[in-house]
Amino acid sequence: MSSGGLLLLLGLLTLWAELTPVSSLDRPKKPGLCPPRPQKPPCVRECKNDWRCPGERKCCRYGCIYECRDPIFVK
């Protein structure tokens, strides 16, 4: 491969790496608050962050319990 082709490939890889989000940490949290703690067995992990929950649901943490819940809004 010529040095020009290699340089172009390196430039494209660098651009791709810059434009690809590393993780969901780059995303903002969804609006609203988590409702009161549910009655569930200990340490259920249904999600890791809001973006792993469908629609408007939030990933809510209650001790070692993580689950997708509909948000509540407080005025």
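Glycine too: its Cβ is placed from the backbone N, Cα and C atoms.
If you look up Swiss-Prot, you'll see Cys34-Cys60 (among others) marked as disulfide bond. Of all Cβ atoms in the shown protein chains, 16 besides its own fall within 10 Å of the Cβ of Cys34 (disulfide bond).
The disulfide bond annotation in Swiss-Prot covers Cys43-Cys64 (among others). Within the same chain, the residues at least 6 positions away from Cys64 (disulfide bond) whose Cβ sits under 8 Å from its Cβ are Pro42, Cys43, Arg45, listed in sequence order.
Feature annotation from Swiss-Prot assigns disulfide bond to Cys47-Cys59 (among others); the stated evidence is sequence analysis. Following the DSSP three-state reduction, the secondary structure of Cys59 (disulfide bond) is strand.
Feature annotation from Swiss-Prot assigns disulfide bond to Cys53-Cys68 (among others); the stated evidence is sequence analysis. Within 10 Å of the C-beta of Cys53 (disulfide bond) there are 21 other C-beta atoms, taking all protein chains into account.
Swiss-Prot lists 27-72 with the feature domain 'WAP'.
Swiss-Prot lists 1-24 with the feature signal peptide, giving sequence analysis as the kind of evidence.
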| What are the DSSP helix/strand/coil residue counts across the domain 'WAP' (27-72)? | 3 helix, 13 strand, 30 coil
| request: Rounded to the nearest Å, what's the C-alpha distance separating Cys47 (disulfide bond) and Cys60 (disulfide bond)? Just drop the number here, would you? | output: 8
| said: What whole-number Å value do you get for the CA-CA distance of Cys34 (disulfide bond) and Cys59 (disulfide bond)? | reply: 8
| field | Spatial separation of Cys53 (disulfide bond) from Cys59 (disulfide bond) - C-alpha basis, Å | value | 6
| message | At a 10 A cut-off on CB-CB distances, which of the disulfide-bonded residues Cys47, Cys60 has the highest count? | response | Cys60
